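TrEMBL has this to say about the protein:
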type: SIGNAL; residues: 1-18; note: signal peptide
type: DOMAIN; residues: 36-211; note: domain 'VWFA'
type: DOMAIN; residues: 216-306; note: domain 'Fibronectin type-III'
type: DOMAIN; residues: 307-401; note: domain 'Fibronectin type-III'
type: DOMAIN; residues: 403-495; note: domain 'Fibronectin type-III'
type: DOMAIN; residues: 497-589; note: domain 'Fibronectin type-III'
type: DOMAIN; residues: 591-684; note: domain 'Fibronectin type-III'
type: DOMAIN; residues: 686-778; note: domain 'Fibronectin type-III'
type: DOMAIN; residues: 780-870; note: domain 'Fibronectin type-III'
Amino acid sequence: MIVCLALYLHSLFLVAIGQTIPEADSPSSVPDSEGDLLFLLDSSGSVSYHEFAKVKEFIGDLLGPFTFGPQDVQASIVHISTEPSLEFSFDQHGSSYEIQKAIRDTKQRMGDTNTGKAISYVKDNLSAGTFGSRADVPKVMVWVTDGLSTDDISKSMQLLKDLGVTVFIVSTGGGNYLELSEAASQPSEKHLHFVDVDDLPIITKELRDSIIDLIHAKRLHASDITTTSFRLTWPRLLTQREESYTLDYSLQSDKRWSVQKILTADQTGALVDNLTPNTTYWITLTPESNIQYFHPQTIKVTTLHEPIQEISLQVNNVTTTSFELTWPGLLSPLKDENYLLEYSLESDTSRTIQMVLPGDQTSMVLSNLTPNTTYRVKLTLKSNFRLVRPQTIQVSTLPEPIQEISLQVHDVTTTSFRLTWLGLQSRVKIQSFLLEYSLASDTSRTMKEILLGDQTSTVLDNLTPNTTYRVTLIPKSNVHAIRPQTIQVSTVPEPIQEISLQVHDITSTSFRLSWPGLLSQVEGASYLLEYSVESENSRTKQAILPRDQSSTVLSNLTPNTSHRVTLIPKSNVRIIRPKTIRVSTLPEPIQEIPLQVHDITTTSFRLTWPQLFSSSINEEIYLLVYSPESDIRRTIRKSLSGDQTSLELGDLNPNTIYRVTLTPKSSIINIRPKTILVSTLPERSQPLEIKVHDLTSRSFRLTWPRVLDRVGEESYQLKYTLVSDVQRSTQRVLPADQTSFVLGNLVPNATYQVTLTPESNVKFIQPQTIRVSTLPEPIQSLQLRALDITPTSFRITWPRILYRQEDRYLLEYSLESDLRRSVRKSLLGSQTEVLLGNLMPNTNYKVTLTPESNVQIIQPQTIQVSTRPGTPHYRF
């Protein structure tokens, strides 16, 4: 079954960042179901986090009781977005656990809600079989939606249903009932549900039951196949108590051997047991009914082989008093399976020791054994579900060590040391050495190296200074037992450094500290900053600073006060002495600098201020900072000498406000900085002259001089409208290098107001507005003719001269002798004749045809027509 859940809900990223589906009580398992379940998931940017999480929970609950596998139910997810995409195919996950995990791990794609495109994508891939779907199972689509879609779904939905897919729709937002009813399978009352997204659990069971009705196996099915039995299931076909089933099964190789059973009408399953392993049976189920005929159903089932496995028992880490056993994991503790381990001295099997081990155990260490002794070990699997031969092996412990290795340390530095050991006697055969070393304070993080058997030294480097290491050298030999050697070695501490702490930008309430980055490359390092008022050391403040920081500002301090500041580097690798300094804040400002502005132009202005500093003190300077008020990121800084009293700022933007701050820098006197705002003058506006050329009844051409220079940054805005209808205007954006434009498709004999506006961030140019009148259309004449004259009627004809749909004719006719009694008719512009009837015989009529058009001028035409004499039938 393909359950395509088109989750059309808005703006979801609770799930895109790892939102999981809450665990819920699972309903009972659904047996004998077979189908492909596909969920069409709305991953567009219009789905909310809350709605997406609720729908994922709904999917998980809906699928909870199903059994997944190639012969059961399969599931898949396809995303709705700008372009549809596959999350996972039908044959990708084969268990309920995998399916539920895949749903939880599904992430949002964002993009548009192109549901129609996604349905077409599903239809195409189902037809091609590229999703791993199966051709012989039922197909269903469940679409959860808020009733909206950015594209059309009707055609693709119908094509999907034509493939045999049953469509369920769950609407969480209302939507168009008629459209959704048409999209869902019929009857719509069974396949269409309306529910709020928070109330989706209300319909979970009803929807699941509907799906189960569609995917429940409609044929005889075998399951739980073992070496000697299997279970048969079938749908309930009989309803009357007097009806029954006949079940026949026989050997494929010898149909003379057969068994027959009569089963009641309410049975839907039976266990067939006491069979032969690795044997094929023919099974036939015949429903017996007097009401309707059912075809017998026949299947072929083969029992499983007898197990012929043999456990592989391995021995590792043999010592004088112990060894380790390992074996592959064959059993499951959930099925009450376990192992029986038996071992004894080979020379005395009467003293056997037995141990029962759980089914998930795969290793065991036997210890407290006798050195240089052979043991018989047997491992037996205890299981009611499989047959595996026991494994028996013999293991000999090593003899007592005959010598001990001597491990020496040399060349110890801050980050390395060299190990040496004496070569063992030539009669002692060493295959290799295992070298293990770790921090003495943390042996859980042990490093291991394999060394050659004839090697007698090695160097351990990349170590931590001033740290104790635990080092063990283990000789590996299958012939001799040699005791491992363990020693502890401490690396040398790093040379003691001293940090350099500098002070900058001292004010009355703050100062800045800086220091070199000594710890920037040291993992786990940091700085501890402590500071206090010199006279009150008991009220010390502390701050932890990261290892890559090299400056900080201390603020909110007391003016004219001495502070004690200590910076302490914290590192387990390097030893750096703390640094303590004393810093005094400045006294409160005693004056403010008066800053004046002169000679303001479009691109510059001049600043002046009085002499405040002595020219003999070189350390006294001014810091000038200025930037556009609207963009402080474009800040410019200048350092000025203490004897300077003016400065001209140039290369500025016209008509722009600048923020200017002048800060006196002195260690003797404290003067407040001064900030002012200064506006440059706007550029003088340039004239723009528009000229009109090639004037016709429907168009004219405009030209103007080039006043803009920056192509791509500047442009013209052209706006034109009928003076008689200013609300209907047309606008065009023209590039900076364009100097002409043709206005076409205009109304003849009409006045237009045209405005050309240069758009520039550099200079101001006054927009120009003119009025232009198109020429009138040439006046045309209209020729009327009277035909088919009778006593009571005649026909008027004329050539076609009107072509626009909105153009009309006005026809007026009356007695020549009485013009007050005229008749008027409005005719279509495409009409070229009209029949006038119910007239009086032998009477003169005046007929006028007036064309009505906003585009062309055509003179009305008047003619006189006399009806023929005769007997009147109508009076005018």
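Glycine too: its Cβ is placed from the backbone N, Cα and C atoms.
Secondary structure of the domain 'Fibronectin type-III' (497-589) per DSSP (helix as H, G, I; strand as E, B; remaining residues coil): 0 helix, 44 strand, 49 coil.
Over the domain 'Fibronectin type-III' (591-684), the average per-residue pLDDT in this prediction is 88. Taken through DSSP, the domain 'Fibronectin type-III' (403-495) splits into 0 helix, 49 strand, 44 coil. Per-class residue totals from DSSP over the domain 'Fibronectin type-III' (686-778), listed helix then strand then coil: 0 helix, 49 strand, 44 coil.
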